[in-house]
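Encoded as structure tokens, the structure appears first; notes follow it.
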Amino acid sequence: MRGLFPLTLVAGDPFLTLGIETSCDDTAVAVLEGPRRVLAAGLSSQVEDHAPHGGVVPELASRKHQEAILPLLHQVLDRAGIRNPARELHLVAVTSGPGLMGSLLVGVMTAKALSQAWEVPLVSVNHLEGHLFANVVAHGDLKPPFLCLIVSGGHTEILLVRAFGDYQVLGGTRDDAAGEAYDKVAKLLGLGYPGGPVVDRLAATGNPEAFPLPVPLSGSGVVEFSFSGLKTAVLWVLKRLEKDGLPVPVEDLCASFQRAAVASLLEKTRVAVEQTGVRQVALSGGVGANSALRAGLEEEGARRGWRVYLPPRDLCTDNGVMIAAAGYSSFRRGIRCDVTFAPDPSWELNA
Ligand code: KG4
Ligand code: ZN
């Protein structure tokens, strides 16, 4: 289990939200004071459980969430100094989609039980809305309208945030998500799961021009992504090397793949800025931890006069803080849930 996120101090709002996230393979819990102040956050990762299988096994994920959630909850409440949750907490926020049904159910059922036992209001949070709220926690000056590039293991989307709660999905992926492509390329290269961080690290010492891999949907002028062809292009390079009896230059291949993937993400962000005229650009989702993407966005921002917002890496990958922050915002906008709502594995953020 990982420790605390750094505290961001905002004076004067004692409202306490418990955030619960179990949509995929991370069990995460956090207590947030007001919109942004993290009192405590904890995460139980299942990476080691899924690694031997080369990807997330849904059945195993839900079982591991069940084992982890209550000890993690107690630990986080304790660290937040909360002795009497029924009296001290004001809200329970939980991810109820999109994600894996069996995983979502664990968080949602736990949140419903806590909300009823403590008589504390409950709100359900869309996981993607959660991701964008990582930026709200990290940057007190971020105000809509802004664009948010959400790049995770399950999603690759650019949102126009007109106001909190008012989102337009400008475009998404036709096939694989960016993180999924990183994970699949890592698997092809025998680098284990999850692949994103390893590919990122190895790419740093490779030659990005070694293999001229195609930048997906380049020049199409639309906000749309596609990563499965790029992954297949890596596979063809591997087959050719094998046929020719040559060793695999793993770092060069990682760097070449990353160059093409990041170029696509940056190009589509440029298109979204041109389409909307909105020059505030935020990043989120697990691939938001990628060093080349972060550096590339900063460079584009400096060159083109965008204001770029990057959350700390811990807030890019799945966490409870972002869910608490999104839930707090929903609650402040008057949203309430009774206990009859069900998780929705394919809940689209298109309100
Ligand atoms: O947001 P997240 O934690 O979970 C989902 O909602 O999917 O994202 C996980 C994804 C994985 O595919 C992982 O390989 C990728 O984020 N990832 C990275 C990096 N760190 C995590 N991809 C590229 N570079 C990284 N540094
Ligand atoms: Zn996520």
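Placed from the backbone N, Cα and C atoms, the Cβ positions cover glycine too.
Bear in mind that the values here come from a model prediction, so they are computed numbers and not experimental data.
Sequence-distant neighbours of HIS131 (Fe cation binding site): residues of the same chain at least 6 apart with a C-beta under 8 Å from its C-beta are CYS148, ILE150, SER152, HIS155, SER284, GLY285, MET322. The feature Fe cation binding site is assigned by TrEMBL to HIS127, HIS131, ASP318.
For ASN290 (substrate binding site), the Cβ neighbour count at a 10 Å cut-off comes to 28, with all displayed protein chains included. DSSP assigns ASN290 (substrate binding site) to coil, not to a helix or a strand. The substrate binding site annotation in TrEMBL covers ILE150, VAL151, SER152, GLY153, GLY154, ASP183, GLY196, ASP200, ASN290.
Feature annotation from TrEMBL assigns domain 'Gcp-like' to 38-324. Mean model confidence of the domain 'Gcp-like' (38-324) amounts to 97 (pLDDT, 0 to 100 scale).
With respect to ligand 2, the binding-site residues ILE150, GLY196, ASN290 contribute no residue with a C-beta closer than 6 angstroms to one of its atoms. Listed binding-site residues: ILE150, GLY154, GLY196. Those with a CB atom under 6 Å from ligand 1: GLY154, GLY196. In the three-state DSSP reading, ILE150 (substrate binding site) counts as strand.
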